[in-house]
Amino acid sequence: MNEKQMAGGKAADYIEDGMTIGLGTGSTVYFMLQKLGKRVKEGLQIKGVSTSDSTTQLAKSLDIPLISINEIDQIDLTIDGADEVDAELNGIKGGGGALLYEKVVASISSKIIWIVDSAKLVESLGTFPLPVEVLPFGSHQVFRLFEKEGLQPSFRKKEDAYFITDSGHYVIDLKMESIKHPEKTASWLDGITGVVEHGLFLNMADLLIVGEAGGPAIIYRKK
Ligand SMILES: O=C(CO)[C@H](O)[C@H](O)COP(=O)(O)O
């Protein structure tokens with residue numbers, strides 16, 4: 001069993017009957033959804049809130065019942081992947097481009113579990129390029145601002161065209177190497193007009209499940 005499968009499978013055990021579950025996006029979440037699909041077939045009653053078109057498609061193919069986020073005010077548990085996680089359980093997300101919906105879902109979740117393989121653990125965030133979702137209108141001005149700040153921005157591309165998120169935005173990836181003050185960086189990005197969302201997810205995850213050779217490691221966020 002690979003590490004992603006191990007972490008994804010373990011996380012599905014935290015889902016209880018009657019829960020509303022935030023369904024993250026990515027290749028680790030894929031394995032969680034496979035196990036959840038099995039449990040639903042065996043009679044587990046849940047409602048899933050999807051964070052992307054790809055997760056919606058996969059959940060539907062597994063007969064996992066979905067509910068629109070607009071019909072609820074609170075999610076019991078969200079299970080999602082991450083691109084980098086530090087010892088405080090702060091992370092970078094958005095490698096798959098679903099950061100905006102993932103953050104909206106996270107913001108109304110009572111509990112958040114992240115599932116990762118061991119390569120995602122870092123001492124400090126920033127080796128993974130930080131995704132910033134931007135409005136296409138004015139995006140080149142934002143890009144040039146990032147250039148001036150020395151952040152080596154690049155527009156994310158798909159087959160030579162701009163990568164377009166599920167909500168119709170572009171993604172600019174920033175090479176920050178090491179983010180010394182994640183809170184400061186997050187509030188700076190929050191203040192830039194045209195930035196819709198960024199991939200710094202701070203003080204959000206409650207629990208981290210890491211796939212490791214000897215079995216899944218469970219790490220709680222220090223309160
Ligand atoms: O944030 C995400 C998508 O926007 C994913 O959770 C993140 O990229 C991790 O993906 P994977 O499990 O495929 O490594």
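Every residue gets a Cβ built from N, Cα and C, even glycine.
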Out of Lys120, Lys148, Lys157, TrEMBL lists as part of the substrate site with Thr25, Gly26, Ser27, Thr28, Asp80, Gly81, Ala82, Asp83, Lys93, Gly94, Gly95, Gly96 the residue Lys120
Which listed residue (Lys93, Lys120) has most other Cβ within 10 Å, given these are binding-site residues
Lys93
For Asp80 (substrate binding site), just count the other CB atoms lying within 10 A of its CB, please.
31
Using the centroid of the Cβ atoms of Thr25, Gly26, Ser27, Thr28, Asp80, Gly81, Ala82, Asp83, Lys93, Gly94, Gly95, Gly96, Lys120 as reference, list every other same-chain residue with Cβ within 8 Å of it (recorded substrate site), in sequence order.
Gly24, Val29, Ala98, Val116
How big is the gap, in Å, between the Cα of Lys93 (substrate binding site) and that of Glu102 (active site, proton acceptor), rounded to a whole number?
9
What is the total of other Cβ atoms whose distance to the Cβ of Ser27 (substrate binding site) is within 10 Å?
14
